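One structure is given here, and the rest of the page talks about it.
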């Protein structure tokens, strides 16, 4: 199912309901993002003459950390399988300085988009790819005597590998005995009897980790050069010993890749990134420039001016082709404790017409976060201890007390929102998680007294609270 089909099925109200399953409160932010998403679907249905005139209304989320800014954007991208990339504005530097190039956010988005499209296409060819992979695996488990190849190899081929190297193995001699053996292996393979056997397979070597490091240190051009050079020579292969279970996955991916048109994959990946992509720019308040900032102000303003043309719409070169950023939805977010949105350069402010102020979390919100979402923290800890054969039970009073402590600690020290619950629950259940394998009990009840016993000594000491909770 494509993301356009998914959006067709979901109204803004239904999108908000889906977000409610994971995120408590922040109704205004959910509505704005849901409307922005639905507008993208509406735009796809318009005549081409007016479609190009309608650009996404970018969103600026304002609110303290831990209230759900990132989670709203990430969840909505998952709901409709839209390409989504999260970047931190503080990682970027002006052109000419050491740091990440702002264009890398678009390249990251295209990588995600191509991967999504590839996953969908692999599902379409799954049956044929699995059949081909099984044939290869059977031949590896029951090899034959290959006919000797008499073709000589010139020195350049010996050095770089043949440019027209066939993927298929050399012609083989198959007698009746080998056919019978392979038939038996095929039956055992399909019944999972050989899953733990060891087999040697050829896999493509991963790219040099040095180039991966360069992607994160601002030398994106160098990693781009490596991508270009990698296409000039055939990929090197190395032999690995793996289980049959793992070999099935490796050979399936290899066979599926052969059945997918790489040019079509790149074109569709770029199109989806352009039309459906979402880029979340976090900590944008950290690059807001204020008067009297000196060199730091100049640098921050420079980053804003580098981001501006991408948000406005420009052509960015990637290894898959050129990407037009005009119709990508940008969602920026920041706490704006030390600055305000008006500290951003006017041109950039104008590119984020929808402003949403997210609410601070209340004690009641903390209680709901602990109990209501599908991925609620308490449900997660229950599932963890269930693997040890222990039913973990929280009384209502215990959960209320945890919510009260989380709210109070946020009030007394730095407000880190819902992330405070992670710290408190980890401290509360630390001993239980450590001793669980040795505990011979079917169920354990966490009461209000237990919460007070574990957390009260820390709560009464302000210094300990700041360091531990």
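Any Cβ shown, glycine's included, is placed from N, Cα and C.
Pulled from Swiss-Prot, these are the features on record:
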BINDING   24, 66, 67, 68, 69, 70, 71, 282, 347, 419  ATP binding site
REGION    159-179  region 'Disordered'
What residue among the binding-site residues 24, 67 has the most other CB atoms lying within 10 A of its CB?
67
Across the listed ATP-binding residues, 24, 66, 67, 68, 69, 70, 71, 282, 347, 419, what is the farthest Cα to Cα distance, given in whole Å?
34
If you tally other C-beta atoms within 10 angstroms for each of the binding-site residues 71, 347, the top scorer is 71
State the three-class DSSP label for residue 67 (ATP binding site), counting H, G and I as helix, E and B as strand, and everything else as coil.
coil
